[in-house]
């Protein structure tokens, strides 16, 4: 079997598996009259409300994505013109044309990835509710299977689409213009536009979706839960539908585009660096495509392991959920390691020389290259497990936050911030070790392979990431449809595990983003032909490094304030509805709020507020390179990476810990009688209110600013790589100001 066939077949199998899982999900019908859902007919609320709420969430998600992707398409077309002009200035018009085509293909594939993920999640959320209601009180098998299969559809469809699209692009370029192996390096430079397109759309998806979901969430929590004491997802809360829509557009569509961008960028970085080696080019097309085969093998491994949770060892009760998801992570990592070793042995030469950024050349062995990828895979698992320790209420750190709530919201916030800062220590040491070993074994090519190794289990990572928002929505639908408390308890159990695994997914995404960013930085340096390394003590580079280190803070300030502004608009609207329609606060009334108005506020605010942060990220390297030259870009990228990864980990983990702290208290998991949601009179306790405050502050930490920093690190680096020759063409790389 040739390498092209292997990659193509793996991608097609992934897509077929996604379609099969989607078909299985559809067997859980919302219509009743047979199948699991017929058990719902006699329940309070019934199928009519479930279907209606599902339809409203679906409509809200579609309307937001339509508006957001309209902006993305307009941006892609406008930026494509700029890309064509500037890359043509640095190289030739033909090279600029091929780069621009790759950019558009990457951008539209990223849009499709986000759209598929969101539509699958919306389709599965009500079906998870139906499955939970159809089973005995202690059984979670069917509900877990629906949510897990929904995640599997997202994971395998996205990976299959990404791999297949990239392979088709490479083969098309190879047949049209770049048939000579000597031109493959130039071809990979053009194909880097694919990663830029994917990451550009991911920026809008992560920032816009993050602002949308947290504006609705914070607004719903502040007025509904804190002020008026309404339950989570109470149908009387005007912002509750917008909150559930936000879970889909932020946590699913945004996350899908983000991780698609990571795959595209890490592959492009490895291909750009790999094709600078004459030995690899002489070894042939199969050796050059070794990085792509890692991802292709990962799809097959993730597919094989997905049977564990649904067939070989299905979930029974609540105690089985979190272990089942953890087994998925561990088993896929364990199985992908021999696959990577086998591919390296088969495809790579016994040894080959690579250009080095420190010495002239470095000799790399096949097992050295494989070790880099294996190290990345193991590092990704380690980062995930450390994240779980700091964000799951099964462990001490989150429980300490819960005990801190007895002293009030302020102490809870202090503990949560400290937890986040501390949680960055082990992941950063792990990343440092991975980078050091990879660099020693295979220079920058090793770093790119480490990033691909970490992303080799991407289909499983996306499966688990997608599972969380589906179960969260399922719980909201159960509450709004007024289904029995036992149904909500089951969805809450699924969601609690989903929150932890979502935090694990964020840690995985941040770790891979750091490696991808460094790999792209390396490709940028290689593209410029630098062999003596980058001296950060050069005045211009060091000054730019300080500015680059500030960019994650500037970016986070913009996104956090955007959530605050949008949430303030939401709070005003919710208060207006409560004031004008007091019956909303009457438990005996059937009055319902105007959900559409809140959806409209979140949509408008998020689209308006996402422009400035996106402009900051995209313009920073472009302006630095144009005005001050490549040395300034080196500093910007170094500073942004070093501070961005620390901030992203700490913010995501603080937010995840505050979220599960609230759930720990609400679920009365602790023997301490003070750690309860309600007192003996049925009123919300001060301890629970302190936890809700922490969760409200943590929402933009973990779902807006923290995850969006991934894009900041990657997008600045891929922009620099794509525009490398343009920067070099301005005063020989010294910029318009000709700074030395």
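Each Cβ is built from the backbone N, Cα and C atoms, and glycine gets one as well.
TrEMBL annotations: computationally assigned, not manually curated.
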Which is it, of 395-423, 424-452, 453-481, 569-597, that TrEMBL names as transmembrane segment?
424-452
Quick one: do the transmembrane segment (424-452) and the transmembrane segment (101-122) reach 3+ CB pairs under 8 Å, ignoring pairs fewer than 6 apart in sequence?
no
Sequence gap of 6 or more, Cβ distance under 8 Å, 3 or more pairs: do the transmembrane segment (536-555) and the transmembrane segment (616-637) meet that?
yes
Intrachain neighbours beyond the transmembrane segment (143-172), with Cβ under 8 angstroms and 6 or more residues off its ends:
4, 7-8, 10-15, 17-19, 21-22, 24-25, 28, 102, 105, 109, 112-113, 116-117, 120-121, 123-124, 127-129, 131-132, 135, 187, 191, 194, 252, 256, 259-260, 263-264, 267, 289, 292, 295-296, 298-299, 302-303, 306, 309-310, 314-315, 321, 324, 458-467, 470-471, 474, 490-491, 494, 498
Would you confirm whether the transmembrane segment (184-204) and the transmembrane segment (364-386) meet the contact rule of 3 or more C-beta pairs below 8 angstroms, pairs 6 or more apart in sequence?
no
Which sequence-distant residues neighbour the transmembrane segment (285-309)? Criterion: at least 6 residues beyond either end, Cβ under 8 Å.
2-4, 6-7, 10-11, 13-14, 17, 144, 148, 152, 155-156, 159-160, 162-163, 166-167, 170, 174, 181, 184, 263, 266-267, 270-271, 274-275, 315, 324-325, 327-328, 331-332, 335-336, 339-340, 343-344, 347-349, 352, 369, 373, 448-449, 452-453, 455-460, 463
Short question: most Cβ pairs under 8 Å with the transmembrane segment (616-637), which of 6-25, 508-530, 708-727?
708-727
Who are the chain neighbours of the transmembrane segment (6-25) in space, where the CB to CB distance is under 8 Å and they lie at least 6 residues beyond its ends?
120, 123-124, 127, 146, 149-150, 152-157, 159-161, 163-164, 167, 289, 292-293, 296-297, 299-300, 303, 306, 459
